[in-house]
Structures are given as structure tokens and as C-alpha cells.
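> Per TrEMBL, [4Fe-4S] cluster binding site is recorded for B:CYS637, B:CYS643, B:CYS677, B:CYS681. TrEMBL lists B:CYS681 with the feature siroheme binding site. The domain 'FAD/NAD(P)-binding' annotation in TrEMBL covers B:5-284. The domain 'NADH-rubredoxin oxidoreductase C-terminal' annotation in TrEMBL covers B:318-384. Residues annotated as domain 'BFD-like [2Fe-2S]-binding' in TrEMBL: B:420-467. Under the heading domain 'Nitrite/Sulfite reductase ferredoxin-like', TrEMBL lists B:556-618. Sequence annotations record features per position, and here TrEMBL assigns domain 'Nitrite/sulphite reductase 4Fe-4S' to B:628-764.
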Amino acid sequence: MEAVKQDQWEVVCTRSDLVVNSGVCALVNGEQVAIYYLPDTERKVYALGNRDPIGKANVMSRGIVGDLGGKLVVASPLYKQHYALETGACLEEEGVFIPCYDVQLDGDEVHVRAAG
Amino acid sequence: MSTRKILVVGNGMVGHHFVESLVGLDTDVDITVIGEEPRPAYDRVHLSEVFSGREPADLAMATRETYENWGVKAHFGDPVVRIERARREVVTQGGRRFSYDKMVLATGSFPFVPPVKGADNKRCLVYRTIDDLGHIKATAKDSEIGVVVGGGLLGLECANALRNLGLQTHVVEFAPGLMGVQLDDGGSKMLRRKIEALGVSVHTGKNTQQIVTDEATALRMDFADESALGTDMIVFSAGIRPRDQLARDSELAVGERGGIVVDYKCKTSDSDIFAIGECALFGGRIYGLVAPGYRMAEVVASQLAGQAEATFQGADMSTKLKLLGVDVGSIGDAHGRTEGSISYVFSDERAEVYKRIITSGDGKTLLGAVLVGDCEDYDTLLQYFLNGIELPAEPESLIVPAAGDKPLLGAAALPMTATVCSCHNVTKGCIIDALDGGCCSLGDVKGETKASTGCGGCAAMLKNVVETELSARGVVVDKSICEHFPYTRQELFHLAQVGEIKTFQDMLGQHGSGRGCDICKPAIASIMASLWNEHVLELPHVGLQDTNDTFLANMQKDGTYSVVPRVAGGEITPDKLIVLGEVAKEYGLYTKITGGQRIDLFGARQHQLPEIWRKLVEAGFETGHAYGKSLRTVKSCVGSTWCRYGVQDSVGMAILLENRYKGLRSPHKLKSAVSGCTRECAEAQSKDFGVIATENGWNLYLCGNGGMKPRHADLFATDLDDETLIRYIDRFLMFYVRTADRLQRTSVWMDNLEGGLDYLREVIIDDSLGICAELEQQMAAVVGTYQCEWTTTINDPEKLKRFRTFVNSDEEDSGVVFVQEREQIRPARAEEKIRLVASSK
């Protein structure tokens, strides 16, 4: 199992394509993935789907990141709801989620695991 | 039962207030209003402001449309001349008949002209209506000297008007002192001293015998003491007399010295007829102030709406006002005529301040007060007086300027019935209701109750009550901008300025905690931009910006952006128009003219923005900052260059202002406009700062806005030259940028400034805080470091990287789908998208 998943990791860009304390968007296996770079956190990179489930547009990579009550969040640039970077859960609307993607830095490369 | 017919005779302030109150009570009645003047009710209290630049139209309290919308039939310019009580009908001058079930007489008063020989000369005028103002203005044109007969409240108000018209002004009073009704001897003398220092000559104890024509001046007044005074015009303002002729002719009871007799329900001797305002005589007294008239109007409206218990109990005639710029206050028994009363007097002839309080013999109850030159204590004294609150052991401490603080009358000590705002009759109880109803700031309470929006005299008291009440309910008014910074925006601005902090990370490290959020990041980015004016896409700032600032364009609902190049003042060449059209065509953009006289191009994808802007910059366009909390546009009318009516070059001034303030980041967006004449085609009075041309220069209006809660701007200063105009706007904008809350428009900001417009004048014109030089310097720095954000961006490959839709692909966002409508694109709706995507597969 583990080996199969390993195969789904894809190199999408380099660290210099990321923007510190902000997001960019990559196209992974036909899906839009927002990648956030927070270099002073343990994980350093976080990835969520780029689609705003409330605003219904592909804009999440363009939101402001920060923290609320200790949770790392990104705010939708359309209607300002917050989504946890770790889980994709919306803080304001219960039951609303954005899909999470596995992401990691390997040296200068940014790897994202496409949804299976 | 058919709908009752209510007939209102008279459409002054009180008559209008009656209609407004009755309509507000939502009863099923048929209201007809008959007014003598050709226009609906207007604000007579502020009549003299017409001489300092206010337009007569601004005084209007209602329009014909207002009445139409209320379903009220209104007839103007055709006064009632006869009441036929037996038939319950009235007849107008034009011969029209109107019937009634109940009638309200609100005929007001007329100015008293003493029976003096020669007073019928055409250069002898009165001061009561807008038409009177017109006659005064016209006569003043060929006059050098003007006399006001009457040294009371209205007379001095009128003297101010003559002075503003540039006349050498005299006040002639029959009594031994000025404002004899409201002021005691000491107060009256101090007032005289101050008024004379302003260049107005005061003649008291003068009994005018005759007015004759003269050679040196147009007129000469001969007095009983054989002295004389030459003048070019005379305005009588020696008191008012109730207009009770209609009542007399129809044999309603009237007072010996005039006035329609009413009872505590404001009923006349005919139970189907009421009388309210200055034509009514209640308890042997005419109430010549607007507030008691309003109370009477409300009492009658309540009764007609079925609330029988409403009664008029007389009214307090205490008053506070500014006469010729002098603060004057009078409360209760100002003369100390109550038996056994004692008084405390404070007089400072150097500062020209006089204060006196009159108390009961035991010093425990306040009976009256006189204040001249300093009215700061008025609100507190009035509360003691109205509510019978026991005075402190040493009552004099209330008026004597002590080294320490005065004993404060806490808001908690006021009873619920205490009137805080007498203009709008707002009690402490009303304020508490407003807070219970969800208001949670001073601005909210003002909006809800109208408190402190009349004369504004109660501003300090209102603030006190609101703050005390909020803290009493345990509401800690937490003004922290968000969880990361325990400071208000104003405090953060100050910290950044004093500490010369230039990045968000330093700000967070020194004054905050956590990582920041979508509230504090853009707010601090804006502060950094106002203070240091670095490019918003420089590395330390880029992650702080809202998406609109990040992409220097406005995000629309589908994630695409709109592009708005600057078109300063709305002036654009045909060549540039063609470029806009060509660019829009090339990229298939939807185009629309904005309200700010620019052209908006919609539907650009983020990666297209740099290409679009490269073309626009090449053609000479600059960024329009439509995306920023910053100056948007300075709209203009065509002005004196082309217009037959324009008196100044409004387009030129608009371009100058727009180019000066473009790029200034502020707490909220800023809009402006310049009109070339008083017709105001640019709608400057709906802007944060609006400029209207006069024959002598520019009038400056501040703190207006359109939008969700429209607000007219206030007239701030008149007849400014270009240089002064710009200096004031520099100071105003910087003061706002420094002190406003996040996303607070200028109007709300001013409403929350203690002292409001007057305070703003003190800061900006009189430099009361001593910061004007600094404000100007700061503005000069912002103006001096302006850069077109797009020109810089398209020349910087690092910044351009951010505009890629995907970091790893040149594909476009497949979620953006357009359809055609009225020959242009628009975003596809959800169901259209599904259809389109399905058919393409």
C-alpha cells in the first residue's frame, strides 16, 4: 500500500516558486492545489484544494494566511471565511471542508501527493 | 367609519414635525397640509448660516416628494384666510375649500416691528423667512452700515448675519442690556464686552422715535434721548408675536397680548381644533423655542393616534448657543428672582468669562445659571437643574476653575427620565433602550436615537452616558483590532510611527503575538504604506495584502479581476479612449463606465494582468487604485472652461487633487469631487472631501459618503484660495489616516470624534493640537514618494512571478467560464457552466 502511495507524489515546483507566508496554486493531476509556505512552522508547507466551497471559485491560494486561536488558517479572498490549513475545516460554517493534500519539501523541491 | 381628515394649517418646523410624528405613528388618517410659503418646511434655527455659505436648499426639512411618499396632501403658497367652524371648513386665498374632522393650527409667529414712524421704509426689513434673507442680501449690496433693532437672541443672530455680509454692524436695544430674558446683568455686560470686541457697536437703552431719510447715509434713526444713528439699512428683530388672526376671526379664545389659548392637550376653545408652536398660548406663555413646539406637536399627534394620555406640561426654556461666536448659556431662573435664593458668581475679565449659579437658600438645589464666554459646565448644570439632583457641599466648585478636577456628575447619577439631548428629546432611558437593542458604540447610539445630531451641545454628556452604561453591563469595550494585537488601529499607527517600524514581522515581534490574520495584516500593511510608502508588493509586505492589493486589481465573484486605470478628474483624450477599447477588445473584456468617471474592464485572468498593464502603461495610463483602501477618484463637472454657469475650473482642480492624493493608503476608500458652481453637478456633498466653487474661491465639505448609509458632507470652510484648500485637505486626510479605526469611513470617524465638526475645525484650522506642520510634512512625504504600482511591477520579474495562475502549468483556470449577454461577456451561472462543460465533452 505504502509503496503505491509513494508513487503518487509529484514534484510540482521549487521552493523559489513559493511565496513566504502566502499561497500559490499548482495543477496536480488535473486538480487545482493551493500550496502555502510558512517557513517558521514545523511542517513548513500546507496544501488545500484551490476551490472555495462557499464562493464557488478557484481562489483559495490567493487568501491571507495566519492563525486564529492557535490554529493555522487561510481566509477566503471572496467572503473571508477561515479554513484550517491542517484539516481544511471551515471555522465559521460547520460541515464545510476543503480537501487536504499531502505536501512536503525535499531539499528545494516541493512534492504534492495527488488524490488517489 | 370613514378615515378621519386631519388638516394642518402652517408648514413651519413645528407643523412639519407634527406631520412627521403622526405619519410615524402609523394611524389611518387622511392628512392635508396647507403652507403659506411657496416651499415646504425648512430649518429656521440655522437661517443665518445661509450668509456663511450654506445653500437655502440645505435647510429644507422636507420636500414635496417626502409628503407624497407619506401619502400626505400638501399645498404650498396658498395660505388659509378663513376658518368656517360651523361647517368645519377652511378657505384659502385662492378660494379653495378644505374640510376637516380635526384641525391643527401651526401658524407660527411674525416678527414684531415697533410702531415707529418711518419703519415702513423699504430699507427697513425683518428676519424670519428665506425670502427675508433674500431682501436682506439685496439691500446689503449697496449698504455699508447695518442696524439690527433688538438685542435678544434673534437680534444677535441677525447681527451676525449682517456682519458676515461685510456691513459695519450696530445693535440697538430698548432695554438696558443684551438678552435681558436669558441673562442677568453681569452676564449681559460680559456678552456686550465680547461682542463689541468683535467690532459690533452696541447701543442699549435706546428708544427709537423716528426713522427718516438722510443725506450721508440712506437712513437716520432718531432716539428719545436726542441722539441719532446713521445707517443704510435696518433689520427689526425685536421679538415675535403669535400669528393668531385666523383664530381671532373665527372667535377662538386668544390671550390678551395675543396667542391662541390652549390647554394641556394643546386643544383650543374648539375641541376639534388644536394649536401648537409659537402661535399657541399655554399657561399664559408663548414658547418661542423649537423644542417645546416639537413637544406640543408630539402631544397632539399621540392624541390623534388614540393615545389620550399625552399632555404638554410646559417646557424648560434653558438654552445654550453660540452668538457671534460667543458661547452663551441660560438655565432656569437666570435672574435669581426666586424668593430666598442665593447665588455664586465667577467673573474673569481677562479671559472674558462670566458664570453664575442660583441655588435654593440651603445651597442644595440648583434654580438657575448664566454662562457667558464658556459653556463647558452647561450640560452638567442642566442635569442638576432638570433632575433636582442634590448639589455638592460647595456648589461654587461647579463653576470655579479649580486647580484640580471639578466634581463630576457621573452619568450613573442621572435618572432614567433625564433628557440628555434636548433637540431630539432623547432621555437616558432612550439611550439605554438603544444599547439594549444592540447598539454598542457611541456612533451606533447616535445613528439610532439621533442624540447629539442637532446642536451637538450634549456630545460630552452623551459619550459619558454611553460609556458608563456599557461598562456597567460589563461590556468591556475591547477596541483591540484582533487577537494578535491588543491595540486599536490608531494606537498601532502611533506605535509604528514612533518606533519607526517598517515591517509586519517587527510589529508582531514588538507589540503582538501569534502570526497575524486577515484583519491585522492588511490593516498594518495599510499603516506601513501611509507611513513609509514602500511598494505593496515588496517582499515583507506582499503576504499581508488582501487579494485586490496583491494583484493590483479587483477580484470578482468568479476569481477573475477587473482593471481600472486612473482617469484623473474624468478627463480623457480620444487616443486614450481608443487604447482602452483596443485592450478590452484584444482580451475580450467586459467594459462599463464607473460612478467615479472611469472605465472598468472586467474578466481579466490573473496571468493576463501584467500583459494588459504593459499596454496601458505604454499608452500613458497609471494604476487607478480601485483595488486599494486609498483615494479612488476626484469626480468633476465640466466647470467654467465650458459651462455657461461655472465660476471656477473644477476639472483643473479635480485633476490637481487626484494627482496629489493618488496612492495615499487610508483606513477605508476615499472619494472626492469638485463642482464648478453651486449647481453641484459633481455631487461633491456626497464625498469624503468635496469642493464646490464660489465666486471667491472654494467651499470645502467634509465627511460625506454615498453607499449603504448615505450622509451629506458638512460645510467645513468657505471661500478658500487654492493653497489654503489644499492645506486643509492635507491636514484632514492625514489626521483621518492617523486616527481612524480600520475600515471606518470619514463620516463615522467624525461622528465618533468628541466635538465632531467643531473639533475638526479646531484641529485643522486653528491647529489646536499643534500637529498641523507634522501632518503636512507627512502628506508631503507620501506625495513625494508616489510611484505607479503597475509601472514598477511590470518591470520587476520577481513580482511578476506571482501573477501565474499555476506555478507548474500554462493552462488556464477551467472554472472560469463566460457567456455572452448584451454583446459582451459575463460569468456563467452555475447551471450554465454545467451545461457548457457537458456539451464540450
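Cβ coordinates are placed from backbone N, Cα and C, and glycine is handled just like the others.
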> Look at each of the binding-site residues, B:CYS637, B:CYS643, B:CYS677, and point out the one with the fewest other Cβ atoms around it within 10 Å.
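Each of the binding-site residues B:CYS637, B:CYS643, B:CYS677 was scored by Cβ atoms within 10 Å; lowest is B:CYS643.
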> If you count Cβ pairs under 8 Å, which stretch among B:5-284, B:318-384, B:420-467, B:628-764 touches the domain 'Nitrite/Sulfite reductase ferredoxin-like' (B:556-618) the most?
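By Cβ pairs under 8 Å, B:628-764 leads among B:5-284, B:318-384, B:420-467, B:628-764.
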> Restricting to the domain 'NADH-rubredoxin oxidoreductase C-terminal' (B:318-384), what is the model's mean pLDDT?
89
> Ranking B:5-284, B:318-384, B:628-764 by Cβ pairs under 8 Å to the domain 'BFD-like [2Fe-2S]-binding' (B:420-467), which is first?
B:628-764
> Just to confirm: which same-chain residues, 6+ apart in sequence, have a Cβ under 8 Å from the Cβ of B:CYS681 ([4Fe-4S] cluster binding site)?
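Residues satisfying the criterion: B:CYS637, B:VAL638, B:SER675.
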> Quick check on the domain 'BFD-like [2Fe-2S]-binding' (B:420-467): DSSP residue counts for helix, strand, coil, in that order please.
26 helix, 4 strand, 18 coil
> What is the three-state DSSP composition of the domain 'Nitrite/Sulfite reductase ferredoxin-like' (B:556-618), stated as helix, strand and coil residue counts?
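For that range the per-state counts are 28 helix, 14 strand, 21 coil.
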> Sort the residues of the domain 'NADH-rubredoxin oxidoreductase C-terminal' (B:318-384) into helix, strand and coil with DSSP and give the three counts.
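Summed by class, the stretch gives 7 helix, 33 strand, 27 coil.
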> So around the [4Fe-4S] cluster site, B:CYS637, B:CYS643, B:CYS677, B:CYS681 aside, which residues have their CB within 8 A of the centroid of those CB atoms?
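My list of surrounding residues reads B:VAL638, B:GLY639, B:TYR645, B:GLY646, B:SER650, B:SER675, B:GLY676, B:ARG679, B:GLU680, B:ALA682.
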> Pull the DSSP breakdown for the domain 'Nitrite/sulphite reductase 4Fe-4S' (B:628-764) and write it out as helix, strand, coil residue counts.
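Each residue of the domain 'Nitrite/sulphite reductase 4Fe-4S' (B:628-764) counted once, the result is 49 helix, 35 strand, 53 coil.
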